[in-house]
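Structure first, commentary second.
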Amino acid sequence: MEVKDILKTVDHTLLATTATWPEIQTILDDAMAYETASACIPASYVKKAAEYVSGKLAICTVIGFPNGYSTTAAKVFECQDAIQNGADEIDMVINLTDVKNGDFDTVEEEIRQIKAKCQDHILKVIVETCQLTKEELIELCGVVTRSGADFIKTSTGFSTAGATFEDVEVMAKYVGEGVKIKAAGGISSLEDAKTFIALGASRLGTSRIIKIVKNEATKPDSY
């Protein structure tokens, strides 16, 4: 797999709580230059970013982030607001308290409501795999499939761990046809990226891959 093919799967991400507009601009410029799938940025920057890229790049943002326990109504509003401001893709965090209470029906209904507001915009569902048992992850693969979401996503990048090969393997085995996989958090090498893609991920959430590609390009033997 060539580097350009990896870059096409990347949601080039900056979600730091202290992110400044010049830093967001750099993310947007790099994402456009390297033709990544999208740039994933805080919701407060979506309107300005959408105007800045002027249709040349998909803008992704997050809702219910990073803990997921805001109410469904709050997440629905966040979704509507983000789309009105120019977001093309929404990454939502599920309410893990519902999961731990065994209330998967509520999780599914919340995703359905948000997908209804997304309409043709892509919806990715963050399940925070590092907080799940294998059984919970398998159940959530079914929940996300039935809800009509476009992607199941491993991680926020703000919890105890990010994506693992094992979790992506489970997702690939149990998620339904038509639902794609996004691996996010801790993807720090091109080899890791290739492995995640080989295991079934079609999107990668990372801030590091472009930095790695830039460093490789500056080496004397690079071309």
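Cβ atoms here come from the backbone N, Cα and C positions, even for glycine.
Long-range Cβ proximity for D91 (active site, proton donor/acceptor), meaning a same-chain Cβ under 8 A and a gap of 6 or more residues, is found for D11, C40, C60, T61, V62, I63, F65, K124, I126, K153, K182, G205. What Swiss-Prot lists as active site, proton donor/acceptor is D91 (among others).
Annotation comment: Swiss-Prot describes K153 as active site, schiff-base intermediate with acetaldehyde, evidence class sequence analysis. Over all protein chains present, the Cβ of K153 (active site, schiff-base intermediate with acetaldehyde) has 31 other Cβ atoms lying within 10 Å. The DSSP secondary structure for K153 (active site, schiff-base intermediate with acetaldehyde) is strand.
Summarising the annotation, Swiss-Prot assigns active site, proton donor/acceptor to K182 (among others) and lists sequence analysis as the type of evidence. In three-state terms derived from DSSP, K182 (active site, proton donor/acceptor) belongs to an extended strand segment.
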**Request:** Note down the number of other Cβ atoms within 10 Å of the Cβ of K182 (active site, proton donor/acceptor), including every protein chain shown.
**Result:** 27
